[in-house]
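Before any comments, here is the structure.
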């Protein structure tokens, strides 16, 4: 393993690799952001939805969680274009990851809300709070603290899943590194490099998550 | 109710078929659009890969540029769709690309899903040795019997593949292409066996260091592919490729061939068409 040769290859291809990293970060940010917003709605409907609505959302969540992300990405890219919706590879990929993220966030939200003792809701009602008042002043602040660690976990999963977008031709970090490998034959060295960069991205997310956790923790 | 749904479905289907029949003139569509949408990969030298200036280049890319040149007299009137090997057939089926040239092996199974053009390359497995190594050529390797070690990419068929050419040779399997070359460099292997095109490209990158054993086997044909059902478009792409190998664009084809595989092609014999010899 020639380290200088590897560093030289990485330096020479720094612009495409940075572009790939930028794409990975953009894909992850968009998917996590939209997936979280959609996921909170899913979680609320799973917890408080009635009858048919709840059944439909339950099917949505179970179906998405039970499908490999890979299949989801292919479906969003090809099935949508068969029915006449032409999304670019980037858009289709972000859409697929958003759906995947929303189903996971939905379950996290539902679990957290259901973990809060019903006594709290009853107490809130007894002092005359409305449903929204109860939710925003009593339930949500407590639920958020429980959601955070698992949500960070889901976020790192999305970053890793973004590599699958290379199959439909989105040049994210992994594909941009593979392009360098095909020219330089430095496969082990450069895959190690890609793995290290992914670790750095996820380590940062985890650290930010821990920081926020400490900030919102109740004083003991 | 069910009947109504079925009727609605079949009407939609008929409309769809009629619409697509009316639209099945890809050549005109591409001309109207003003550029070719071409599918190929970006991670396999010398077929389709990013060079040091981060431009997509390779033999497949040159073939696609020839098609663009034939259409618009401009080899740059082309939009490349980056696709993985698995995406070649689906991207044609869903009209995401007009044509795919991506070292696609012609098989009867695939020919039921896409329409293949005339071939533009014949791939096979070759043997590469060190130029100053112990063996002169394929005959010498074969004569050495079990004294020869061949490095090869890990594969279910790897052992059988090597033994088809060198029945007694010892076979060492490796995970990646760089490792089979490394085995040769370090003397762990006497020859490396992989696609002839990869070997040719690698030898061109490292002149005088390696030697070709001069034997190829396991032939397979590389063709471009188009969506089935549009004979005019298929004919057009066929004409471009055919004339690249035998006619007015021969020099472009030959320059590309020499650039990627290091082999100088003889021009087709003038007079009676070689195709009918």
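The backbone N, Cα and C atoms fix where each Cβ goes, and this holds for glycine too.
Predicted automatically and left uncurated, TrEMBL annotations should be read as such.
Now, the feature entries from TrEMBL:
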type	residues	note
DOMAIN	A:21-209	domain 'ABC transmembrane type-1'
TRANSMEM	A:25-57	transmembrane segment
TRANSMEM	A:69-90	transmembrane segment
TRANSMEM	A:127-146	transmembrane segment
TRANSMEM	A:158-178	transmembrane segment
TRANSMEM	A:184-205	transmembrane segment
Could you tell me whether the transmembrane segment (A:158-178) and the transmembrane segment (A:25-57) are in contact, taking contact to mean 3+ Cβ pairs under 8 Å with a sequence separation of 6 or more?
yes
Beyond the flanks of the transmembrane segment (A:184-205) by 6 or more, those residues with Cβ under 8 Å of it:
1, 3, 5-6, 9-10, 21, 24-25, 28, 152, 155-156, 159-160, 163, 173-174, 177
Residues from the same chain, set at least six apart from the ends of the transmembrane segment (A:158-178), whose C-beta lies under 8 A from its own:
13, 16-17, 19-21, 23-24, 27-28, 31-32, 35, 69-70, 73-74, 77, 89-90, 92-93, 97, 100-101, 190-191, 193-194, 197-198, 201-202, 205
